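Per Swiss-Prot, the features are:
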| type | residues | note |
| --- | --- | --- |
| MOD_RES | K33 | N6-(pyridoxal phosphate)lysine |
| ACT_SITE | K33 | active site, proton acceptor |
| BINDING | R129, M301 | substrate binding site |
| ACT_SITE | Y253 | active site, proton acceptor |
Amino acid sequence: MRPAQASIDLEALRHNYRLARRLGGSKALAVVKADAYGHGAVRCAQALEPEADGFAVACIEEALELRQAGIRAPILLLEGFFEHDELRLIAEHDLWTVAATQQQVRALAEFQSPRPLRVWLKMDSGMHRLGLSPEDFRAAWLRLRGLPQIASLVLMTHLARADELDCSRTDEQAVAFALTAGGMRAETSLRNSPGLLGWPALRNDWSRPGLMLYGANPFPQHTENTAQLRPVMTLRSRIISVRELPAGEPVGYGARFVAERPTRVGVVAMGYADGYPQFAPNGTPVLVDGQICPLIGRVSMDMLTVDLTDHPQADIGTPVQLWGDAPQVSALAAQCNVSAYQLLCGLKRVPRIYVGEAAVGKLSA
């Protein structure tokens with residue numbers, strides 16, 4: 001079997017969720033959209049369900065996957081519904097939905113639901129992606145709040161630049177949201193992962209941790225709070241070939257690396273088709289049996305190459321760690337000019353194995 005695999009530590013996931021709840025001082029929806037950021041939505045939700053206040057996904061397909069796997073906790077559709085027919089499924093499967101457009105508000109007002117729906121009304125406070133204008137937001141709240149098909153309303157917005165700790169935009173968004181939502185008797189939801197980790201003055205009834213659940217730092221630097229995160233995914237493989245090159249010889253496509261000295265080259269079974277960044281530069285750290293070795297040459301579809309010259313003990317079969325506790329996925333992403341979100345969500349064919357107390361408990365249940 002090809003040695004590439006992603007190890008998912010479910011106890012670390014639970015630790016990060018508890019941290020999110022503690023930092024928020026509120027209820028927290030665990031965001032498991034995009035297959036839990038590449039970690040496996042069903043297994044992650046199963047691990048978190050005993051203590052999670054609920055989950056959040058992008059669309060009804062992701063929600064139904066969780067329901068079919070036996071997840072009974074609340075599930076919020078972050079993009080709401082795309083067709084009116086989905087409202088029947090939302091009611092049937094007891095899902096919560098965001099309403100972020102006039103069309104969604106109108107459809108909810110006209111829907112004859114077999115059971116009252118829980119709706120999260122979204123205001124655009126400055127991100128300018130989804131959400132109602134402040135005027136339409138208040139009008140929608142007035143329209144929906146007394147309808148028999150609406151069980152409850154939560155007022156929400158989304159922070160656009162909370163991962164920039166020196167940016168005033170987050171405070172401006174929070175003030176705009178508070179000015180509009182003030183006086184509306186409803187729970188609120190404002191804080192995402194960077195909002196929880198970096199903006200302690202913000203307050204809400206529901207937070208929505210996503211990236212932090214998986215142990216990735218949303219900031220370019222570490223803080224007291226991010227230091228408490230535990231990486232959930234460890235991406236591993238092994239060396240599958242070793243060769244000696246004389247000085248002056250190139251490595252890989254395009255000869256991006258040329259040996260300046262006699263160089264011992266290790267080939268690792270991991271490439272961009274697996275989700276490793278294709279344009280990782282020469283020198284990107286790779287952990288070979290606990291020792292950092294530099295990436296050399298261009299990353300191929302199925303393989304990458306590392307300089308083993310200073311690690312003579314490494315040989316075919318030696319274990320390799322691409323990210324995890326070291327190097328951390330956020331640091332690797334920054335070095336490769338991509339986001340940690342992109343790396344985690346980009347794992348396509350790497351098999352996942354689950355470890356940690358939650359995995360043991362689930363298997364023995």
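Cβ atoms here come from the backbone N, Cα and C positions, even for glycine.
Structure coloured by features recorded in Swiss-Prot.
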residue	record	DSSP class
K33	N6-(pyridoxal phosphate)lysine	helix
R129	substrate binding site	coil
Y253	active site, proton acceptor	helix
M301	substrate binding site	coil
Query = What are the non-local neighbours of M301 (substrate binding site), defined as same-chain residues 6+ apart in sequence with CB under 8 A from its CB?
reply = G271, Y272, A273
Request  = Show which residues of the chain containing Y253 (active site, proton acceptor), separated from it by at least 6 in sequence, have their CB under 8 Å from its CB.
outcome  = G297, R298, S300
Query = For the recorded positions K33, R129, which Cβ has the most other Cβ atoms within 10 Å, all shown protein chains included?
reply = K33
Request  = State the Cα to Cα distance, in Å, between R129 (substrate binding site) and K33 (N6-(pyridoxal phosphate)lysine), rounded to an integer.
outcome  = 18
